[in-house]
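Under the heading substrate binding site, TrEMBL lists Gln23, His124, Asn168, Tyr306, Trp428. The feature active site, proton donor is assigned by TrEMBL to Glu169. The active site, nucleophile annotation in TrEMBL covers Glu382.
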Amino acid sequence: MTNKPTSAFPDDFLWGAATAAYQVEGGHDADGKGPSIWDIYSHLPGTTHAGTNGDVAADHYHRFKEDVALMAEAGLTSYRFSISWPRLLPQGRGTVNQAGIQFYSDLIDELLKHNIKPMITLYHWDLPQALQDIGGWESRVTVEAFEEYAKLCYQAFGDRVELWSTFNETLIFIGMGYFTATHPPGISDPKRGLQACHHVFVAHAKAVQAFRQYQQFGTVPSNGQIGFVNVMQPHDPISDSSEDVAACNMADDLLTHWLYDPVLKGEYPTHILNLAQATWGAPVFAEEDEMLLKDNICDFIGVNYYKREWIAANPDVENTKINTTGEKGSGQEFGFKGLFKFVRNPNSTYTDWDWEIYPEGLCVGMMRLKERYGDIPFYITENGLGAKDPIIDGEIVDQPRIEYLSSHIAAAESAIKQGVDVRGYYPWSFIDLLSWLNGYQKQYGFVYVDRDNHLNRRRKKSFFWYQDVIKSNGAVR
Ligand code: BG6
């Protein structure tokens, strides 16, 4: 008798994969969908790599059955996807596009038919343009509209979906949308960014509150859970000088605690709130905000882990240009003058996009969060390697991706062994899709999309590897 390899992953651990609507669906104006800010922004000259956009993407909107069949073949037990708000509400609020509801309803049914548990993200950055036109996240009208949209989703899909998250990565859509001006709405103004970010937290709290009410009415499952998804980017000082350590603490406060505290503690870190309000006069609170945040802590945290950042003191650099070409070293030093900068560690390993490969960071990051926020359940809602995959004799031999994911699964297992309540793992991405600023050249998927040949799907080497990982509950990797 041979002993089967075992792992520390619990039996009900979810082995998933993730995507987001704008990056995978295409069908940008199909069947009554309204335009999102990304539909508009990506068509402006000079905004994305080589003018790429998500008009067609992987055409998942029309091919979702084929894609779900592939998920089932891979053995996924869960699938994380986002809903396109303007597909349901073309104007952001008001008239509902029934064809949009039908699409997600059919997708959910197809997943359940194959025993794949849906995990819905309500907002993965594609705000209806109509709401941007009246101020976007800077306006409280958008907060109200988000609550209505969330309720619509609970009513339409709550009978079949247990796992929900409100927002994906405030760090990126607020940071790049309002600080570095590299995502829509392309603004660089800390005061406006801090206020927009605050409204996102208030919208989140209102959606959590509505979820709990709907749980009482039975509209969403009583065992349903609602969470928030954040970038998890552990920071380490590049030296032990007091300047670098102070800069690293500042990076933690601004890029981690500012974004996790409001959803896990119901308040901002006081010293940073005081600093922000004294320096920029923002965020301004409405009367109800403090209690709303306090009363609506989420059920779980989703962490998207790709890399760690090494931090140094930064007396001089004011630059936010990143590598969007995949040519190693093409990004410049990224920093906010007077606060901190991200620096390269010459002894470490980096991807072609200059992202450090540091699997232990997945474990370290969750341990640090557990220390600050206690025993919250975790889902690893994204993790993956962006690369130009080699095609050898017609096969997509994405060996570096296998190595990347394998070492990160080991780190997740190590976190579980150290007492972190990790409940699921969703590599980014199930299928090759649009990378917001890097186009289609930066691939992440288990499934290749042949852009020269009718968007045909082909299984990569990693597809078969992940199948074995799932079959063995993470023991074979
Ligand atoms: C996360 C996002 O920031 O990282 C995804 O949630 C994104 O939407 C992923 O695609 C990878 O980033 P990039 O820039 O390499 O596509």
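Glycine residues also receive a Cβ, built from the backbone N, Cα and C atoms like all the rest.
Those TrEMBL annotations? Automatic predictions, nothing curated.
Feature map: annotations from TrEMBL on the structure.
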residue: Gln23; record: substrate binding site; DSSP (3 states): helix
residue: His124; record: substrate binding site; DSSP (3 states): coil
residue: Asn168; record: substrate binding site; DSSP (3 states): strand
residue: Tyr306; record: substrate binding site; DSSP (3 states): coil
residue: Glu382; record: active site, nucleophile; DSSP (3 states): strand
residue: Trp428; record: substrate binding site; DSSP (3 states): strand
Binding residues Gln23, His124, Asn168, Tyr306, Trp428 (substrate) - maximum C-alpha distance in whole Å: 18
Shell list (substrate; ref centroid = CB of Gln23, His124, Asn168, Tyr306, Trp428; cutoff 8 A): Ala18, Thr19, Ala20, Glu169, Asn304, Glu382, Ser429
Rounded to the nearest Å - Cα separation of Trp428 (substrate binding site) and Glu169 (active site, proton donor): 14
Glu169, Glu382 as active-site residues, winner by CB count within 10 A: Glu382
Integer Cα-Cα distance in angstrom, Tyr306 (substrate binding site) to Glu169 (active site, proton donor): 13
Nearest of the recorded positions (Gln23, His124, Glu382) to Glu169 (active site, proton donor), judged by Cα-Cα distance: His124
Rounded Cα-Cα span from Glu382 (active site, nucleophile) to His124 (substrate binding site), Å: 13
Cβ neighbours within the same chain of Gln23 (substrate binding site) - under 8 Å, at least six residues apart: Gly54, Ala57, His124, Ser429, Leu433, Leu434, Ser435, Trp436
Neighbourhood of Asn168 (substrate binding site), C-beta criterion under 8 angstroms, separation at least six: Ala20, Ser82, Thr121, Tyr123, His124, Trp125, Val229, Asn304, Thr381
